[in-house]
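S.K.: Mind having a look at this structure? Questions to follow.
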Amino acid sequence: MSGVTVFGSFAAAAIGLGLYGLITNPRPLRKIIAFNLVGSGVFLLFGIVGRRGTAAGVGNDPVPQALVITGIVVAFSATALAIALLLRLFQTGGPLTLGSRAPPGPRSDPSGD
Amino acid sequence: MSTATVFEIALAAVVLGLAIWTIAVPDTYSATVGFVAYGLLVALIWVRLDAVDVALTEAAIGGGLGGVMLLGAAARLRGSEVATAGRCSPTVRLSAAILSASTAAMLAFAILLLPNPPPTLAPAAVSNAGATGMANPVTNVLMAFRGMDTMLEKVVLLLAIVGVWSLAADRNWGGRQGPRHEADPKGVLAFLARLLPPAGIVVGIYMLWTGADHPGGAFQGGAVLASMWLLVIMAGLADTPPVSSPRLRLVLVAGPGLFLAVGFGGLCFGAAFLAYPVAIAKPLILGIEVAMTLTIAATLALLLAGAPERSVEP
């Protein structure tokens, strides 16, 4: 039992949990959080693969590390865009759920455009 | 079992508990708080995996800035929660559980069955470090060996900010982002917003500078600078700049612009696109990193500020 095994199982579990939340929760903000959980698990899998490549005196393969750093920044910007879309939807009075029994929300546009 | 392994199992268990909480708790605000704690503890896992550069990025961007963004959104959406609660049918939930569990199981098996010895690019990255004059192999990969990824990521940041800006209502087009923040001028927030930024700016610049040889770099330094700017904005000591400001737009294109210019320079005078001449590789990379840090700091803070909500005229 090593760190790779422990954290590898954890990363797989995080991806599974995130996938479950993404499918079952009808609220968009919860879907965004669940999607970020999947992303965090995928990044950790990268880190674990890099950890196994501990050659040449470095603790973790620098190539997956650099890709994960880029990935974290891209995931952050995608999340920011998703949240901005969601808040705009809330402002214009659109429905804030993706459930099948969504109540018909008021369709007025209080921001006046 | 060694002490280190016991610590790793305990850490993984706590983080897994937070992940379950994040998915299972009914209230969205509680789920968001759980996810912020999760992000900060995942940074510890990255330290245990000996990836300090990623740990710094995860703590600053994933945990810190991402947490502020999610908490802000959850707070603004709180009123809408009660009416819109609705659950999937048990059949859908059971199928989703089976799908998710089998996905997780397959991934866990794939990790356990990876080839031994593992394929790795670490020796190549370390042995070619002399080409750029930087000792931190992660910075070398980011800026030189996989420089194309890093440049395109700057473009993604730019696209994201254009997307957020374009969500403005017509009359707020070109205006200031987010609501105007007010804070008690004698309160804790205003006090911190005066106390922390001088030290925080020094830390951010240090992280950028030390990234050449040690863990750190443009992303981590930029995230620290962005959080300092946001702190001042949230305390009401400064306002978000109007998005039509030419100076602001210049800062936003400085990073990707300089990166592209150096890339085309490599095409004209060197071997290939983004190939640095060996003699001046280090100053070129540091120059790009400085411009990138400014761009990253501005973009991250503005992404958090949200869509323009106030027109420029008072």
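Placement of Cβ uses the backbone N, Cα and C atoms for every residue, glycine included.
Found this in TrEMBL, in case it helps:
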| type | residues | note |
| --- | --- | --- |
| TRANSMEM | B:6-24 | transmembrane segment |
| DOMAIN | B:14-78 | domain 'MrpA C-terminal/MbhD' |
| TRANSMEM | B:31-49 | transmembrane segment |
| TRANSMEM | B:55-75 | transmembrane segment |
| DOMAIN | B:95-167 | domain 'MrpA C-terminal/MbhE' |
| TRANSMEM | B:96-114 | transmembrane segment |
| TRANSMEM | B:151-168 | transmembrane segment |
| TRANSMEM | B:188-209 | transmembrane segment |
| DOMAIN | B:189-298 | domain 'Na+/H+ antiporter MnhB subunit-related protein' |
| TRANSMEM | B:221-238 | transmembrane segment |
| TRANSMEM | B:250-278 | transmembrane segment |
| TRANSMEM | B:284-305 | transmembrane segment |
S.K.: Can you break down the domain 'MrpA C-terminal/MbhD' (B:14-78) into helix, strand and coil residue counts using DSSP?
M.R.: 59 helix, 0 strand, 6 coil
S.K.: Can you work out which residues elsewhere in the same chain, 6+ from the ends of the transmembrane segment (B:151-168), have a Cβ less than 8 Å from its Cβ atoms?
M.R.: 174-175, 177, 243, 252-253, 255-256, 259-260, 263, 274, 292, 295-296, 299-300, 302-303, 306-309
S.K.: Grab the pLDDT values for the domain 'MrpA C-terminal/MbhE' (B:95-167) and give me their mean, rounded.
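M.R.: For the domain 'MrpA C-terminal/MbhE' (B:95-167), the model's average pLDDT rounds to 87.
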S.K.: Are there residues at least 6 beyond the ends of the transmembrane segment (B:31-49) whose Cβ is under 8 Å from a Cβ of it, and what are they?
M.R.: 7-8, 11-12, 14-15, 18-19, 21-23, 25, 55-56, 58-59, 62-63, 66-67, 70-71, 73-74
S.K.: Residues of the same chain, at least six outside the transmembrane segment (B:55-75), with any C-beta under 8 angstroms of its C-beta?
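M.R.: Distant contacts of the transmembrane segment (B:55-75): 28-29, 31-33, 35-36, 39-40, 42-44, 46-47, 207, 215-216, 219-220, 223-224, 226-227, 230, 300, 303-304, 306.
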